[in-house]
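K.L.:
Sharing a structure, written as structure tokens. Questions coming.
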Amino acid sequence: MKTFLVALVALLLAASPSWAEEEKVLNVFSWSEYIPQEVVNGFTKETGIKVVLSTYESNEAMYAKLKLLGGKGYDLIVPSGYFVEVMARDGLLAPLDKSRITGLENLDPLSLDQPFDKGNALTIPYMWGTVGLLVNKKAVDVSTIKSWKDLARPEFKGKVLLSDDLRDTFGVALKALGYSINTTNPDEIKAAYEWLKALKPSVRVFDVTATKQAFISEEVTAGLSWNGDAFIAMQENPDLEFIVPEEGLMIWLDNFAIPAGAEHKENAYKFISYLMRPEVAKLCVEEFNYSTPNKAAEKILEPEYAQSKVIVLDPEEMARGEVTLDVGKARELYEKYWEQLKTAD
Ligand code: N2P
């Protein structure tokens, strides 16, 4: 009997979930400038789990790397909604055991149950935000800037910044032409490419990493900006203004997900839970100035953030905006034109 019990205990231990003996490491792969160091340090201090933070600049780059690694190597990633379906189809994401995550009640129900992940089986929202127009008042009378089309105004020639993010930049062109940013119609995608190609002589740079600096130093005078970057740039250079074009903003939602091959899933759950705390989510907003789906955090934001329309979006403007969605097979067409655009003279 005793031998039997020993064997049973050994069997149970062997069969217990891997989190029981997980090493104290968490490999996070996130957009750059997105998770504050202070938050990472606070988590490590509290849990003893060392966070190894690697960063990427686009969904496409993150996806390519994860695919190459077969969904292994990282324990937590932050894909935008429109990449969640793509990754799920490739079997790159692990189903979430939500009973291991705390603080989900802090999230705005509107941010949950999104079309890209019904029931939040694979993802938990982290931050969301917009793409708008950032313009320097010294270059132009900003009251006359109404549309995405205004990027082509002669005043901005050679001083336009386009995003080095494929869907953002194509989105602008599609909106300027009156199409949906999620079109899969080849003619419309081609027309957007032509529009961007015609704009190219005006374009100083395609960028996502140093956009704030380019606007602050006035190397560029108009262009696309994520709301968080715009907020920071406007503080440094009061001549900058964030404009909501009449065609509406583009909206994205970034989410935590655990890659299928993650080796430290329990640590990932702990980290997500830590980030769901209102005071931690507040730090994330106040450092990077994006919008938070964490309603409890939104309530305790310092007034300078809480009162900013760049961070806490007007519901009407939100309703007028368009959310970037997966475009299925058309992604290849976008990518083809994107390459052509970047290499065109
Ligand atoms: C922050 C990244 C914002 C992510 N640097 C836009 N999806």
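Placed from the backbone N, Cα and C atoms, the Cβ positions cover glycine too.
Quantities reported herein were computed from a predicted structural model and do not represent experimental measurements.
Sharing the record's features from TrEMBL:
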{"type": "BINDING", "residues": "Glu33, Tyr82", "note": "spermidine binding site"}
{"type": "SIGNAL", "residues": "1-20", "note": "signal peptide"}
K.L.:
Among all protein chains shown, how many Cβ atoms are found within 10 Å of the Cβ of Glu33 (spermidine binding site), not counting that one?
P.N.:
16
K.L.:
Just to be sure I understand the packing, how many Cβ atoms besides its own are within 10 Å of the Cβ of Tyr82 (spermidine binding site)?
P.N.:
20
K.L.:
According to DSSP, which of helix, strand or coil covers Glu33 (spermidine binding site)?
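P.N.:
Reduced to three states, the DSSP call for Glu33 (spermidine binding site) is coil.
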K.L.:
Any idea what DSSP makes of Tyr82 (spermidine binding site), helix, strand or coil?
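P.N.:
Tyr82 (spermidine binding site) sits in a helix per DSSP.
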